[in-house]
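What follows is one structure encoded as structure tokens, with my remarks underneath.
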Amino acid sequence: MLISLILSILPGIFIIYYIYNKDKYEKEPFYYIAFCFLFGVLSCIPAILGTLSVEYWMGVPDPPKSLDMKVVAFYAFVAVALSEELAKYIFLRCYIYRKEAFNEPMDGIVYAVVIGMGFAIVENILYVIDGGIQAALVRMFTAVPGHATFGVIMGYYVGLAKFEPRKNQSIKLHLQGVLLAIGVHGTYDFFIFQNNYALLSVLAFVVLFASIRMSKQLIQQHLDNSPYQ
């Protein structure tokens, strides 16, 4: 069990270390990184409550075993993706977004990814309690980098919104970031939940690889435009 717990925690810590060092022009204060990680952990509470509420309303277990694609899609996009990404966004927007340390668009990516990793580590531990080391190994290469990419996508647009002087355009950027994160997350989960259609499950990895590639491009764009170069 100890090895499983270590494997469930280390990937998230590694990604935090990676994104922190990727922000090479103007490092974020460590205490804000720590607080965002804590808020990522806390974001599990509203996310789980949201998912359980939809499960209860739909009468669908986790993960859904329905052959009805509409049921699976609703579960993936609403019960899981919407609940989780909205919970993470609330902590990002209501806490760190207001701080002076959030002083360039790249910071949106850094803080969103840290929050995402706080969430992912708790989620990992919950899965590992039931699934053991096998669950830890699988999620190390799937769910954890997935949450990182969702954070990059959301943080990219929130970072742009922070420094957009036009209020209406800033709101649009916030919405774009949240909706794209939900969209990518929901699409990934929709395919991963295809227990009855193995070939469709493979498409989840296509979504993951595409989102990782997209994330690298978004990170580089903010680095290239950093005012601290």
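Cβ atoms here come from the backbone N, Cα and C positions, even for glycine.
No curator has checked TrEMBL annotations; they are predicted automatically.
Features as listed in TrEMBL:
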{"type": "TRANSMEM", "residues": "6-21", "note": "transmembrane segment"}
{"type": "TRANSMEM", "residues": "30-52", "note": "transmembrane segment"}
{"type": "TRANSMEM", "residues": "72-96", "note": "transmembrane segment"}
{"type": "TRANSMEM", "residues": "108-129", "note": "transmembrane segment"}
{"type": "TRANSMEM", "residues": "141-161", "note": "transmembrane segment"}
{"type": "TRANSMEM", "residues": "197-214", "note": "transmembrane segment"}
Does the chain bring the transmembrane segment (6-21) near the transmembrane segment (108-129), so that three or more CB pairs sit under 8 Å (pairs 6 or more apart in sequence)? yes
Other parts of the chain folded back onto the transmembrane segment (197-214), taken as Cβ under 8 Å at six or more residues beyond its ends: 142, 145-146, 149-150, 152-153, 184, 187-189, 191
For the transmembrane segment (141-161), distant same-chain residues with Cβ under 8 A (at least six beyond the ends): 11-12, 15, 19, 85, 88-89, 92-93, 97, 104-117, 119-120, 123-124, 127, 170-171, 173-174, 176-178, 180-181, 184-185, 188, 192, 204-205, 208, 211-212, 214-215, 218-219, 221-222
Tertiary contacts of the transmembrane segment (30-52), defined by C-beta under 8 angstroms and 6+ residue spacing from its ends, are 16, 20, 62, 79-80, 82-84, 86-88, 90-92, 95-96, 99, 101, 110-111, 114-123
